[in-house]
Amino acid sequence: MSHDTEIQGRSQSQYEFDRRKSAVQMRKQVINFAIMIFLTFVAFATVVADFAPTFIKPVILLLAGIQVVLQLYSFMHMDDKHAPFIGVISTFVWVGAVIAFTFFLAFNTIIWW
Amino acid sequence: MLNTKFTPQTWPEHPEQATHEGKNKYVGIWIFICSDIVLFASLFATYISLRNKGPAGMQFTSQELFELPLAFVMTMFLLTSSLTSVYAMYHLKNYNFKGVQLWTGVTVLLGLGFLALEIYEFYHYVHIGFGYTQSAFSSAFFTLVGTHGLHVIIGLVWMICLIVRNASRGLNLYNAPKYFVASIYWHFIDVVWVFIFTVVYLMGVLG
């Protein structure tokens, strides 16, 4: 099962470099989290502030879209170019999104109207 | 190999992808998530179509039913639990098993808080007469949000099992991918919730 795995110890400098790199990455994740929280606040605030629904709806859907893309590419590591089959994974996810949109379109225009 | 003891220095930079099994798990969870996207897509589409639809004279509308403060608190719980899960993965990379267990535990607690609020919400709705069979609207609502709640329960059981079962094992290349995959699944639950609070609660209050 694991005969194809090779474990090599990292040199001290490489190890320190990797540690620093993952600390920097973690800081980026916290910033991404702050952005997500901010987007959530904005979404709730626009609804509470009582703007016209025709304005609010596209805005909060856009905010949700941005937040989800942030989740996928930062927290869920879809930006990791070295992950196994990451190309296949990305294709599946975006095709899934297209199918999701088709569902929405079909249910709201053809099945019920 | 899978049981090899490591030091922070010999621990691979991507422990979740270091073994063949880990790579398979990585791809596997994503294939599951893609099929889950399609499942939730059908439930969302059904909900949007059936919102506020029901028997003549139905007194429930999404405008009056949903409480934004509750939805907001639930969102904060789940969003924060996503960050704590990222912290667990940070410690996983650094071969700090205590950190992994601690932050996975915090994630579980936040998830439990979310679940408690959701159970309260459902109980409240059923109590005021908005039960599952009350209308097309109520069925679509409970199916969509309930399926998400079921995913939360599964995620919580999953993470509790990981914490308990590996408590005395320590971190190795056998369980590192398991923690990683559970974390990816937990983030996906948050992704679905982002759409639920936007489409169901925010747009529901708008009418």
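For all residues, glycine too, the Cβ spot is worked out from N, Cα and C.
The domain 'Heme-copper oxidase subunit III family profile' feature in TrEMBL is assigned to B:27-205. Per-residue pLDDT, averaged across the domain 'Heme-copper oxidase subunit III family profile' (B:27-205), gives 95.
Annotation comment: TrEMBL describes B:27-50 (among others) as transmembrane segment. Below 8 angstroms of C-beta separation, residues 136-137, 139-141, 143-144, 147-148, 151, 181, 184-185, 188, 192, 195, 199-200 of the same chain, each at least six residues beyond the ends of the transmembrane segment (B:27-50), sit close to that stretch.
Annotation source TrEMBL lists transmembrane segment at B:70-90 (among others).
Marked as transmembrane segment by TrEMBL: B:102-120 (among others). For the transmembrane segment (B:102-120), the list of distant contacts is 70, 73-74, 77-78, 80-81, 84-85, 87-88, 91, 145, 149, 152-153, 155-156, 159-160, 162-163, 179, 182, 186: same-chain residues at least six beyond its ends, Cβ to Cβ under 8 Å.
As annotated by TrEMBL, transmembrane segment applies to B:140-164 (among others).
With a cut-off of 8 Å between Cβ atoms, the residues of this chain six or more beyond the transmembrane segment (B:184-204) that come close are 29-30, 32-33, 36, 40, 44, 47-48, 51, 62-63, 65-66, 68, 71, 74-75, 78-79, 81-82, 85, 107, 111, 141, 144-145, 148, 151-152, 155, 158-159. Annotation comment: TrEMBL describes B:184-204 (among others) as transmembrane segment.
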How about long-range neighbours of the transmembrane segment (B:140-164): same chain, 6 or more residues beyond its ends, C-beta under 8 Å? 36, 39-40, 43-44, 46-47, 49-51, 101, 104-105, 107-108, 111-112, 114-115, 118, 122, 132, 175, 178-179, 182, 185-186, 189, 192-193, 196, 200
